[in-house]
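*Asks:* Swiss-Prot lists 121-176, 126-178 with the feature disulfide bond, giving similarity to another entry as the kind of evidence. The N-linked glycosylation site annotation in Swiss-Prot covers 75 and is backed by sequence analysis. As annotated by Swiss-Prot, region 'Disordered' applies to 22-44. As annotated by Swiss-Prot, signal peptide applies to 1-20.
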């Protein structure tokens, strides 16, 4: 082999052998770079073991949190309030916003969880931060996010059989914002 082929061969071998080597961070920031995958240590559990321990633990916890939020919403006066006003004395961010929102309960019997808190804008316009009055030159619009739910899939009424469940993402209003 002549020298260009030898050089190409050596370059190929070095690249092939270097693929398994960890790379150093390329950023010039001081401190640590982006964290890599967790290596098991005396106080760390490998990520694959965490996911194998209880696959539905996170979803069950999520559904329990949603149920608690709905219960708190039902026990408060939040559902009755429909005023377009900002209350800076409250700690809740939805009432301190320039596009305040309240919550309603989105009920769907074929979904798990059956009830989801959903944001609804309290103003058509936005609250002017200087006058603290509604300004209709701007518009309050809902902000949407996708949340994981399970859908009950049951056979049509003439047929009988077990219902199945399917995990899906559903779009829900989670807050409001101001646009021009």
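From the backbone N, Cα and C atoms, a Cβ is placed for every residue, glycine too.
Model, not experiment: these values are computed from the prediction.
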*Asks:* I want to verify one value. Collapsing DSSP to three states, which class is residue 75 (N-linked glycosylation site)?
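*Replies:* For residue 75 (N-linked glycosylation site) - judged by DSSP and reduced to three states - the answer is helix.
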*Asks:* I need the CA-to-CA distance for the residue listed as 'N-linked glycosylation site' versus residue 176 (disulfide bond), whole Å please.
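*Replies:* With the alpha carbons as reference points, the distance is 23 Å.
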*Asks:* Measure the Cβ-based neighbour count of residue 178 (disulfide bond), defined as the other Cβ atoms within 10 Å of its Cβ.
*Replies:* 17
*Asks:* Long-range same-chain neighbours of residue 126 (disulfide bond), Cβ under 8 Å, sequence gap at least 6?
*Replies:* 98, 99, 134, 135, 138, 139, 140, 178
*Asks:* Could you list the residues of the same chain, at least six apart in sequence, whose Cβ is under 8 A from the Cβ of residue 176 (disulfide bond)?
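*Replies:* Once residues fewer than 6 apart are set aside, residue 176 (disulfide bond) is near 94, 97, 99, 100, 101, 119, 120, 121, 122, 140, 141, 142, 143.
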*Asks:* Whose Cβ, among the recorded positions 75, 121, has more other Cβ atoms within 10 Å than any of the rest?
*Replies:* 121
